[in-house]
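What follows is one structure encoded as structure tokens, with my remarks underneath.
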Amino acid sequence: MTNPLYHKHIISINDLSRDELELVLRTAASLKKTPQPELLKHKVIASCFFEASTRTRLSFETSIHRLGASVVGFSDSSNTSLGKKGETLADTMSVISTYVDAIVMRHPQEGASRLAAQFSGNVPIVNAGDGANQHPTQTLLDLFTIQETQGRLDNINIAMVGDLKYGRTVHSLTQALAKFNGNHFFFIAPDALAMPAYILQMLEEKEIEYSLHESLEEVVPELDILYMTRVQKERLDPSEYANVKAQFILRSSDLTGARDNLKVLHPLPRIDEITTDVDKTPYAYYFQQAGNGIFARQALLALVLNAELAL
């Protein structure tokens, strides 16, 4: 059966329908159960990271290797023609697209991946994060993890805690879960880092329930998923960072009264917003969540590069 993601750019989670999201998740589950080490044999994929990354870059490159493809690229754009000689992003993508079958790209500028897609021809761009905007593959692994731990993506009570203003992961995840039914969002953040108005407006237009809170304690007993985020020092001025960095810290004692099925997730890296004593609780699932990135990203790459995919 021809798959709808073949040669499709993956720029925003909003570019994917519920059916397409479920296709990626089914493919990820199949690849987790049964590895396919030659599925992308002879394919070449560019890994173009214009912004620092550890987990996302290594996860993508591991995914590429485990599917049998080759990877080329860079993790320091200062040593590229774009960084040293002033080449435009459009020209850079126009050239790289002649070398490879797909391009995985992270960039600090919002909208950079969508711009790149205008110049990559038939070569799909996979957005690995563009500024504070979108991080669709993190969302796919988040969805995969929620489904794996809860057995569903409908009727989920999820709290998002911390930096909801600049945290692209929570923007994308909220938009994705809004495609499913009966979910309730609890947004817990200081005013300076509140969820953007456009996200709240989207939920209101879809008549999806959400509530705003200043305390984690009052909502823990209601939750299926507790999604923690770090305060992003690199996106704040020093005075703002100092004011909010320690406002929301999760300790094991905060999980008293939690549901048995509760899982604590975090896109990582964590700084001090989850204390290490939480790691030892049955609720901690953030390291397994990171590991699921391999399967979600394998699934996405397999789908954008295969006209037909039957696993």
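Note: Cβ is positioned from N, Cα and C throughout, glycine not excepted.
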Quick one: which of Arg18, Arg106 does Swiss-Prot put in the carbamoyl phosphate site with Arg55, Thr56, His135, Gln138, Leu268, Pro269?
Arg106
Reduce the DSSP letter at Arg106 (carbamoyl phosphate binding site) to three states and note it down.
strand
Between His135 (carbamoyl phosphate binding site) and Arg230 (L-aspartate binding site), how far is it from one CA atom to the other, in Å?
15
Can you name the residues of this chain that are 6 or more positions from Arg230 (L-aspartate binding site) yet have a C-beta less than 8 Å from its C-beta?
Gly162, Asp163, His266, Pro269, Arg270, Ile271, Glu273
Fill in the CA-CA distance, Arg168 (L-aspartate binding site) to Leu268 (carbamoyl phosphate binding site), as an integer in Å.
12
Which number gives the other C-beta atoms within 10 angstroms of the C-beta of Pro269 (carbamoyl phosphate binding site), all protein chains shown included?
9
Per DSSP, three-state class assigned to Arg55 (carbamoyl phosphate binding site):
helix
